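Engineer: Sharing the feature lines straight out of TrEMBL:
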BINDING   A:His270, A:His274, A:Glu300  Zn(2+) binding site
ACT_SITE  A:Glu271  active site, proton donor/acceptor
Protein chains: 2
Amino acid sequence: MSTTVETRTAEFRDYVKKITSYTQALNVLYWDKATQAPRNGMDARSEIIGTLAGEQFKLATSKEMEALLTELSEPSVLETLDEITRHSVLECKKEFDRNKKIPADRHQEYVVLTAKAETVWEEARANNDFSMFQPYLEKIVNFQLEFIEYWGHDGKNKYNTLLDMYEPGMTVDQLDPIFATLREKTVKLVKAIADSPNKPDTSFLTKNFPVADQEAFSRYILEKIGYDFKSGRMDRSAHPFCTTFNPGDVRITTRYAENDFNSALFSCIHEAGHAMYEQNINPELLFTPLCDGTSMGIHESQSRYWENMVGRSLPFWNHFFADLQKAFPTQFEGVSVEDLHRAVNAVTPSFIRTEADELTYNLHVMIRYEIEKGLINQTIQVADLPKIWNEKMKEYLGVEPPTDTLGVLQDVHWAGGMIGYFPTYSLGNVYAAQFVHVMENEITGYEELIANGDFAPIREWLKEKIHQYGKMKSPRELVQAITGEGTNATYLMNYLEKKYTDVYKL
Amino acid sequence: MSTTVETRTAEFRDYVKKITSYTQALNVLYWDKATQAPRNGMDARSEIIGTLAGEQFKLATSKEMEALLTELSEPSVLETLDEITRHSVLECKKEFDRNKKIPADRHQEYVVLTAKAETVWEEARANNDFSMFQPYLEKIVNFQLEFIEYWGHDGKNKYNTLLDMYEPGMTVDQLDPIFATLREKTVKLVKAIADSPNKPDTSFLTKNFPVADQEAFSRYILEKIGYDFKSGRMDRSAHPFCTTFNPGDVRITTRYAENDFNSALFSCIHEAGHAMYEQNINPELLFTPLCDGTSMGIHESQSRYWENMVGRSLPFWNHFFADLQKAFPTQFEGVSVEDLHRAVNAVTPSFIRTEADELTYNLHVMIRYEIEKGLINQTIQVADLPKIWNEKMKEYLGVEPPTDTLGVLQDVHWAGGMIGYFPTYSLGNVYAAQFVHVMENEITGYEELIANGDFAPIREWLKEKIHQYGKMKSPRELVQAITGEGTNATYLMNYLEKKYTDVYKL
Ligand SMILES: [Zn+2]
Ligand SMILES: [Zn+2]
């Protein structure tokens with residue numbers, strides 16, 4: 001490496017350290033707003049978040065950044081860089097190019113539009129009035145179509161350009177067969193479950209569970225599975241989330257409902273799954289753009305793995321059932337561990353994605369995937385969405401939302417301009433099942449470990465194979481390296497078929 | 001106003017909005033670090049605080065800022081500006097000039113030195129080893145002397161330049177007679193108290209007070225006196241503090257000791273006094289450098305007023321005694337309101353300033369004032385501080401610290417380069433007594449209001465006379481406008497003589 005390159009590398013590292021410092025600060029400001037800030041401080045808080053985000057955007061798109069990236073991404077230079085810097089340069093360049101290709105005035109208009117659209121969406125949802133939201137969504141789709149032209153596309157499917165933002169390398173060609181498998185097998189399974197006379201009793205899950213007891217039990221479980229409270233904390237917010245300031249400070253939030261045992265506990269385990277990913281990223285990646293999960297799909301594979309494949313498994317409850325009964329003696333009186341396992345795995349087609357069970361969840365996602373693909377390929381018009389939405393709900397889930405509030409208006413994603421994000425929710429499930437298949441082969445006594453509450457070997461495996469890398473490996477590289485194949489929905493369907501055959505005695 | 005001036009004014013307002021956004025963000029980051037952040041996240045947190053503070057410093061000292069200030073502070077332009085902008089320009093200019101006069105490399109060296117000195121001071125204090133800290137303090141004093149040359153001084157006393165940073169307009173010429181009055185009367189009073197046979201019984205204050213009960217009672221009192229929890233919150237930290245993000249979000253912290261009724265409650269009232277100041281600043285000052293207390297002394301007058309002149313008064317406890325007995329029935333069994341009032345006003349010369357009673361507190365401050373004055377005028381050598389410290393303690397308080405840990409090493413201020421700050425603690429007491437004297441004349445039934453727990457008229461008075469202005473009025477202007485005179489320690493001494501004559505039946 002020449003002295004100039006060395007100097008410029010150091011400057012680049014300093015520069016991205018500065019940019020990632022803003023990310024950390026903004027995450028703190030946002031977390032505090034969602035969990036701690038008093039009502040009267042909200043407006044000023046939103047303003048400073050906007051101001052600092054603007055400052056960060058300026059840094060990330062500056063002439064200085066451009067010069068550094070141009071010099072360091074020169075192939076003859078790039079190959080001399082250490083691995084972390086090389087990946088950082090490539091990651092920043094991707095981001096920089098994406099930002100720079102959009103004319104500044106169009107970007108600004110789009111930011112204003114989506115901010116406004118989120119407010120309008122809230123109102124439209126509250127009033128069950130899709131026509132209010134429709135013109136905004138139309139503009140957002142048109143912006144996305146315009147942006148895709150600036151960004152470029154692979155000539156196969158314009159939607160691929162959007163998918164790549166959330167799941168690098170993911171394409172319609174890969175997703176179509178995945179969802180075809182999910183659709184065919186899930187719809188069949190849902191039907192069989194509906195016809196089964198062996199429905200689990202879920203009534204005890206909606207007894208009274210005092211919030212303080214739920215919180216204590218959730219904390220206990222998270223400590224046991226290995227969420228590190230010395231590197232995080234658990235608070236309350238309107239909607240559960242996980243946020244990372246640095247690997248030593250990864251926080252999760254949840255909300256409690258006194259008459260619902262399910263929601264808080266499993267949402268805590270879910271968020272802890274996200275958090276354990278970030279807590280275990282190689283600390284050397286701190287202050288680089290690589291100190292983050294590699295994709296939304298891989299991130300979701302970690303949360304869904306812990307929530308469903310561990311947390312809703314029979315071995316897990318065989319281990320924790322005594323603790324559960326100690327924590328809630330009256331609520332689970334006369335309930336067996338099998339009863340509990342069946343109850344937390346009950347399947348009920350319903351309207352709202354975020355409340356869906358493990359099985360029908362993918363059908364909710366698929367509906368959104370099909371609609372997004374249609375919108376971006378201009379085979380579906382925004383005006384027809386309520387009708388299309390309800391038809392698809394009827395077809396795949398067998399239920400039809402009585403209102404758009406419970407239908408097409410339920411998610412904020414599109415109002416915020418997030419088109420291409422939804423598929424990552426199902427990809428998370430697909431990846432997780434693929435990883436479990438490998439773990440069963442590679443980790444001795446995998447199921448016994450869960451039954452013994454000995455999660456360390458599992459965490460070690462996840463850390464070694466996935467977590468440590470952050471964004472150093474792409475999702476495709478990870479999946480290929482771990483499983484020896486590409487994305488494959490068969491494992492997920494095998495897992496689900498096995499689970500529900502058992503739960504519903506099919 | 002010309003169009004150019006109008007444009008430049010708008011640019012200036014935007015620019016200071018950006019700078020104050022950093023202040024708000026940094027305060028959130030610091031608050032979170034002190035109250036919420038998990039152990040493992042601390043190092044990265046400190047780094048991003050350093051990075052963002054550096055970015056803010058760049059903005060505040062930029063060519064752009066210089067150009068704006070030069071244009072807008074031109075007398076013919078300045079007089080055309082609206083009042084808020086005019087004061088903002090002057091405030092920023094003062095800060096800008098102060099920063100710009102120090103050569104960048106010397107500033108950088110100084111920042112590194114004080115960061116290191118704080119660490120060394122901690123160790124020196126832990127090991128009772130002044131000689132460890134001595135070379136650092138010597139360097140800090142030399143830096144201050146060098147900086148005073150850059151900043152300039154009034155030719156009367158170099159120490160005035162430092163005083164002005166914390167209490168604009170304050171000088172040795174004003175402080176010397178104030179401390180002379182305090183010294184003469186306080187020493188006499190302390191002696192009389194020591195000789196009094198009527199010592200209050202304080203034993204019930206150190207019974208067991210469960211932390212949760214203390215917290216609940218403190219919250220109750222703060223709500224009653226008018227700290228607005230919709231514009232703030234109360235948390236725990238190692239050392240109590242108050243921090244402002246914006247007037248709608250002013251937070252306080254405290255710490256609890258299970259065997260000490262005094263410490264948490266009165267520290268909460270103290271911090272709430274600071275907080276009510278900032279909660280009541282005119283919201284139009286948000287995002288200007290004026291949205292802050294006008295000086296350390298005036299700030300402290302608000303906290304000490306609520307803590308001591310309200311919170312430790314007999315009318316206050318006449319009102320709250322029933323609530324207190326309800327909250328702690330066993331602890332205060334057989335205790336009368338007079339007993340309580342006397343106990344919370346007990347005077348005991350002791351070693352540590354932050355634990356000192358209301359009366360001897362000013363003697364602790366005076367010792368530091370005299371030493372600082374001597375250091376900056378080079379009549380006292382750092383090497384002699386332990387000896388000088390102990391002599392003064394002996395002379396004024398009649399007690400001699402057995403170690404430097406309990407003596408000259410107890411405060412962090414000098415390690416952080418804060419020389420000239422200490423006098424503001426006593427100025428707070430002095431101002432507060434002056435304000436009380438006016439309130440007694442201007443607010444009908446002043447004492448009855450406290451005895452009735454009706455604090456609204458007092459809060460309104462404070463808001464109208466002090467709080468609303470933020471930094472729009474200097475401390476001198478405020479004091480002059482409210483009291484019709486300058487700083488005058490007589491009111492404080494009259495108040496203290498009256499209180500202790502009563503408490504100790506002198
Ligand atoms: Zn998730
Ligand atoms: Zn204070």
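Including glycine, each Cβ sits where the backbone N, Cα and C put it.
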Engineer: For A:Glu271 (active site, proton donor/acceptor) and A:Glu300 (Zn(2+) binding site), determine the Cα separation and express it in whole Å.
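Structural biologist: Answer for this pair: 9 Å between alpha carbons.
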Engineer: Using DSSP and three states only, what is A:His270 (Zn(2+) binding site)?
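Structural biologist: Its secondary structure by DSSP: helix.
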Engineer: Which residues, same chain and not among A:His270, A:His274, A:Glu300, have a CB within 8 angstroms of the centroid of the CB atoms at the recorded Zn(2+) site?
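Structural biologist: Going along the sequence, the neighbours come out as A:Cys242, A:Glu271, A:Gly273, A:His299, A:Gln302, A:Ser303, A:Arg304, A:Trp306, A:Glu307, A:Gly428.
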Engineer: Can you give me the same-chain residues 6 or more apart in sequence from A:His270 (Zn(2+) binding site) with a CB-CB distance under 8 Å?
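Structural biologist: For A:His270 (Zn(2+) binding site), the qualifying residues are A:Pro240, A:Ser303, A:Arg304, A:Trp306, A:Glu307.
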Engineer: DSSP three-state call for A:Glu300 (Zn(2+) binding site): helix, strand or coil?
Structural biologist: helix
Engineer: At a 10 Å cut-off from the C-beta of the residue listed as 'active site, proton donor/acceptor', count the other C-beta atoms across all protein chains.
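Structural biologist: Step by step: centre on the Cβ of the residue listed as 'active site, proton donor/acceptor', count other Cβ atoms within 10 Å, giving 26.
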